[in-house]
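Student: Following this message is one structure expressed as structure tokens.
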Amino acid sequence: MVLMIVSGRSGSGKSVALRALEDMGFYCVDNLPVVLLPDLARTLADRQISAAVSIDVRNMPESPEIFEQAMNNLPDAFSPQLLFLDADRNTLIRRYSDTRRLHPLSSKNLSLESAIDQESDLLEPLRSRADLIVDTSEMSVHELAEMLRTRLLGKRERELTMVFESFGFKHGIPIDADYVFDVRFLPNPHWDPKLRPMTGLDKPVAAFLDRHTEVHNFIYQTRSYLELWLPMLETNNRSYLTVAIGCTGGKHRSVYIAEQLADYFRSRGKNVQSRHRTLEKRKT
């Protein structure tokens, strides 16, 4: 059974995540005091029910040791996973402005900007031990819920899920990436007027990139690097490995290479997911 602990800065989407987990059959509790985690887990263990609990700045323990003690006292039947949601500062400010809600730390007479910054410091102990960090800055409510459904329902127990994610550097580097590879030096289909409207998922773009030796060399050396360290990553008790591939716009080169790497590791029996940030953003 899974005990999913959902945390993150206020406004990053914890309530949305909890509702999505409830739809997936998790028993969900919002803002449960950390010290009660073992009691909740023992109660649910007999019923064979996976649980999801949100922890935010309002119910953070006074010291990280209290959280560690609670985790150590969980029944063996539960496999704890920590999901940390985040968004960039400007996005959080905009979301609070849109909803006109008060920040949990506003009672300390802090400005919204100062409250967001202080909350980040207070939640750092949880962020640092998270199994999965998700940047929701560019996600809608529905995209966040769908992403969680895809990642959690697609994950096999005790198996590392490899996520290959394409992005454009001009849109920013994904904060949930474990590895970032820059492919802006590779031949660019953008300069071919016929290929410019297409994406790295289209066959003519794939054929263009496939003709270049440096593209093959990059893919080979990148997958060799990942294969070298994958056994150690798999034994490091982590649930996800996110590999981000970036080009200028996130439309051609990064998409093609992310798909090539995903197909390679999928063909070798790995649990693989692929995501294309720029292409997904264009659909909305």
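The backbone N, Cα and C atoms fix where each Cβ goes, glycine too.
For Gly8, Arg9, Ser10, Gly11, Ser12, Gly13, Lys14, Ser15, the entry in Swiss-Prot reads ATP binding site. The feature GTP binding site is assigned by Swiss-Prot to Asp56, Val57, Arg58, Asn59. Feature annotation from Swiss-Prot assigns region 'RNA-binding' to 266-284; the stated evidence is sequence analysis.
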Student: Near Gly8 (ATP binding site), which of the binding-site residues Asp56, Val57, Arg58, Asn59 can be found within 10 Å, Cα to Cα?
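Tutor: If one measures from the Cα of Gly8 (ATP binding site), the binding-site residues that come within 10 Å are Asp56, Val57.
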Student: By CA-CA distance, flag whichever of Ser10, Gly11, Gly13, Lys14, Ser15 among the binding-site residues is nearest to Arg58 (GTP binding site).
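Tutor: The smallest Cα gap between Arg58 (GTP binding site) and any of the binding-site residues is with Ser10.
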Student: Using the Cβ centroid of Gly8, Arg9, Ser10, Gly11, Ser12, Gly13, Lys14, Ser15 as the reference point for the ATP site, which residues of the same chain not in that list have Cβ within 8 Å?
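Tutor: Here the non-site neighbours turn out to be Asp56, Leu85, Asp86, Ala87, Thr136.
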Student: Average pLDDT across the region 'RNA-binding' (266-284)?
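Tutor: Residues in the region 'RNA-binding' (266-284) carry a mean pLDDT of 87 in this prediction.
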Student: Among the binding-site residues Arg9, Ser10, Gly11, Ser12, Gly13, Ser15, which ones place their C-alpha within 10 angstroms of the C-alpha of Val57 (GTP binding site)?
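Tutor: Near Val57 (GTP binding site) by Cα: Arg9, Ser10.
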Student: What other residues of the same chain, not counting Asp56, Val57, Arg58, Asn59, have a CB atom within 8 A of the CB centroid of the GTP site?
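Tutor: Nearby residues not in the site list: Asn31, Ile55, Met60, Pro104.
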Student: Using DSSP and collapsing to three states, where does Asn59 (GTP binding site) fall: helix, strand or coil?
Tutor: helix
Student: Please work out the number of neighbouring Cβ atoms within 10 Å of the Cβ of Gly11 (ATP binding site), leaving out its own Cβ.
Tutor: 24
